Amino acid sequence: MARIVEICLVFSLATYTFSTQSGNLDEEWKLIVVGRSTVSALSRNTSGIENVHYINSPLRSFTHGHPMDVTYDARNRLIYWSDCFLKTLFRATIEGANITILTDIGLNDPRGIAFDWITGNIYFIDRVLSSYVWANLVVCRNDSNLCSIVVHRELGLLASIALDPNEGIMFWNGQKGIMRAGMDGTEQMAIVTTQEAIEVTIDLQASRIYWIERSEGLNNLNSALYDGSDRKIVISLNTNSFDVCVFENKIFWRDQKAHYIKSADKSTGSNISTEFRYNGRAVYSYNGKATYRYGMKIYHIATQPIKRTNPCKNSPCSHICTISPSPTRPSRCFCPVGMRLNNNNLRNCVEYEGASKLVVALKNTIMTMRFNSIGTPVFDSTTIPKIGKISSIVYNPVNNTLILSDTETRKIYEYSIRSKQLTVLVGNDVDNVTGMDIDPVGENLYWINGGKENVEVMSLRTKTRVVLITLSTSLDNSSVIEFSGILVVPSKRSLYISGTGKDMTEIWKFELSGTNRSTIRRLNTDKPIILKYDEESGNIMWVGTEKVEFMPPTRNNFHFTFLTQPFDVVKYKDRIYWTDMFSQDVIFRSSSSIIFHSKERRIKLESLENNSTLNTFSGMKMTVLNRDPWQLEILRRLRNKHECSSMNPNRKRCSHLCLLSGGDDFVGVCRCPTDFILSQDGMTCIKQTCAQHEFTCSNGKCISKSAFCDGTPDCSQREDEISCGINQENKLNCQDWTSGEFFRCNMTGICIPKSWLCDGTSDCPSEDDSDERECNLNLMCPDGFFKCNTTKLQCILSDWVCDKDNDCDDGSDENQNCEELNNRKLCPDDYFSCNGGECIEKHMVCDGYRNCVEVEDERDCEQKYNISMNTPSVVLITLLLLSIIIIVVILIVIFLKRKSRTPIPNRVVELSELSNNLVN
């Protein structure tokens, strides 16, 4: 297995002729080294005595991780380092003061890091955790609020990066050799063919690169020009040699076994001598134990010369500007992950409409943060004045809206993300919504009405409400006293509800029609249980006060203990996000089993600290605005085949409410509101006939005539108290009792939803086709929808046009000059085109997740971006690891056989002897 090696290069100050703008050339140089948990500065005093100064002390808990590499800004006396354990980039002064987190969002496994001393940008390599070879080369602004992926390809396990900003080029060691590219990611090429390159650095003065290469049991120090020519071996070192640097005319390296620092002539490799010895211990140690180093740099202003003007100083880029090697275009604009350049000017960044986001709601404020972003988290905040306090929030992917409940106004609203418009969905009889979820297939909204302790469902198309489950009547023989969580999973055709009682909590499973209850979990707790669905694994996830678990348990069952009581939880890909009961922070951690260490990390919503209306405690609710193409495609396929879906031409035409059944087939069940019954066709709801002495409410409810005009509203629409004192026959039509949402059939007088008018199918019973007569062919579809070329008004999403699926009944969505349209719908240059027409960002290719519906973004990853060089086989790596394991097992067996020959009473095997035997 190749070992980690770092090379650094420094030139003699006497021969350095490059100009510098600031900094002290007379200052003594320092060696900045990375240990197992420390970043240190090594130097000598005037007497030649070595000094060790910790920049990142191992006693500082919040930075006590595993540093990987280090870089610096000599002019501002700043040190930067990457930490693979904390998944963070840190910054501090050379004296070790003002340690701050530079970047802690979106990182997987940060490795090599480099500083562009002309623009101030930070470059680093972030390895994709699901791959041994794929990684992202990322550039961040110096404030690190904004980061972009410059290169996404095979960079190797030990990838490092070196910059020459004066030439606008960078180098890194990849799986296939030493790579060179512009600092904007252009002109990528392999300049050295090798499979054993470990670390790379550059000689700015001579325009040469240096790297360590493992060859035939030796670590060879190699050198070549920037174009890969004039390649030569400077010196061959033993495999115990690490940490190579060049200074003046000498090469320095550390001999790990002898604890020496040695040197030789950098041109010929001759005159090997011992330079330093540190009392038989490693050069940098902690508590008397040698640390395994990972990175090393020489710190001095002369190593960062400036020979060109900063092309980004007055850049028109809206977000990120990098140096480019092109003489005609010295700079290039980049956008943060989740945004793209405007095609009109390639300078301004616009948000990608398909970006998935984390949504956080606090009181009357909605905050959104793009997933997959890299850098310091930035929340976009919107305050809705008409809202008092949001108690629940869910995302409706059908029309890209948020549905939220307000405990102060006691209403349920729909909020348009695009138009920022707020409309009332449910305006009455909403006491206290304690949980809410949506079925986007049947377009039904479910919620827990805490004030009445029941579960209700409402059709988002007809606005019909039905009480599904009542605590007092539906859950007989149960000790539960209140509902606490609700979850709708259309793909499983199931509804999950949690209820809490004295010293116990139960989790039940229902059909989406509210029938067939079964208890699937009993817990010994009286605390509320949060229910969520894990899209990645397809398992139900429940969250208590101490841990989160999946149902049903699997080999990948994940659970951990919360440090604080969670208020709400969501999961996106391999990360779990939650809010707690005692802060205004969003906390997250990885749930992936392949991550060896995973710590909780907090996003402080600093914008809330300055908002006086939010300074009192109020729990934050969350949801995921999931616009991943494969998720939307799965939803589309479900809606195409289910009887309750408005997209299904053979749908079950329930007049009021269609609920998904719990069977394997995608069939629907029609339900009617209170005091309505199904007619003989099993789909149409008709009002129950009230007795002669009763008054009929608009919803079919029968009340005594003595309650009519008695000053107290008994009907839900208050019609029993309207026009009181006027003697009139109480004969209402559809327009009167539904506010225009229904149409009365001419022959039968039955009311049907107006949305069914002119849809190509007669929905009125018997021979009555009055709903399909006199259709207005000039009706228009809403923005973002396509109108099918039929005699009816059929609207489909614009994105479904020319997607190779017939969504219109007449197939007109696939006959609209699709070839020309597809040419217009080509993905931008920085996006990958899926077979189904979806566009995903290129860094999502070969990232271990399904982003395209047909998973073509995860196929043939080793062949993607091929540069005509030999790629080391993953099979060989696997065989090498297996060989090491077999050797260790053989050594243990030999030791145990030797031990069996030794009389036990006369000999005690010491731990140190056991270690020596294993090594031998």
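Here the Cβ of each residue, glycine as well, is placed from N, Cα and C on the backbone.
Annotation comment: TrEMBL describes 1-19 as signal peptide.
The feature repeat 'LDL-receptor class B' is assigned by TrEMBL to 77-119. Listed as Cβ neighbours of the repeat 'LDL-receptor class B' (77-119) (distance under 8 Å, sequence separation of 6 or more from its ends, same chain) are residues 30, 32, 34, 39, 41, 53-57, 60, 63, 65-71, 125-129, 135, 140, 144, 147, 158-163, 165-166, 170, 172, 183, 295, 299, 304, 306, 308, 310-312, 321-323, 337, 372-377, 597, 599, 601, 603.
Residues annotated as disulfide bond in TrEMBL: Cys690-Cys702 (among others).
Annotation comment: TrEMBL describes Cys697-Cys715 (among others) as disulfide bond.
Under the heading disulfide bond, TrEMBL lists Cys709-Cys724 (among others).
For Cys827 (disulfide bond), the number of other Cβ atoms no farther than 10 Å from its own Cβ, over all displayed protein chains, is 16. Sequence annotations record features per position, and here TrEMBL assigns disulfide bond to Cys827-Cys839 (among others).
Sequence-distant contacts of Cys834 (disulfide bond), defined as residues of its own chain at least six apart whose C-beta falls under 8 angstroms from its C-beta, comprise Pro629, Ile840, Asn851, Cys852, Val853, Glu854, Glu856, Asp857. The disulfide bond annotation in TrEMBL covers Cys834-Cys852 (among others).
Look at TrEMBL and you will find Cys846-Cys861 (among others) tagged as disulfide bond.
Summarising the annotation, TrEMBL assigns transmembrane segment to 874-896.
Looking at Cys827 (disulfide bond) and Cys846 (disulfide bond), their Cα atoms lie 18 Å from each other. Taking the Cα atom of each, Cys846 (disulfide bond) and Cys839 (disulfide bond) are about 15 angstrom apart. Cys846 (disulfide bond) counts 24 other C-beta atoms within 10 Å of its own C-beta, drawing on all protein chains shown. The Cα of Cys697 (disulfide bond) lies closest to that of Cys690, out of the disulfide-bonded residues Cys690, Cys839, Cys861. Across the fold, the C-alpha of Cys861 (disulfide bond) and the C-alpha of Cys690 (disulfide bond) stand 69 Å from each other. The least crowded of the disulfide-bonded residues Cys697, Cys702, Cys715, Cys839, Cys861, judged by other CB atoms within 10 A of its own CB, is Cys702.
Here the C-alpha separation of Cys690 (disulfide bond) and Cys839 (disulfide bond) works out to 57 Å.
Distance noted between the C-alpha atoms of Cys702 (disulfide bond) and Cys715 (disulfide bond) is 9 Å. Over the repeat 'LDL-receptor class B' (77-119) the predicted model carries a mean pLDDT of 88.
The sparsest Cβ neighbourhood within 10 Å, among the listed disulfide-bonded residues (Cys690, Cys852), is found at Cys690.
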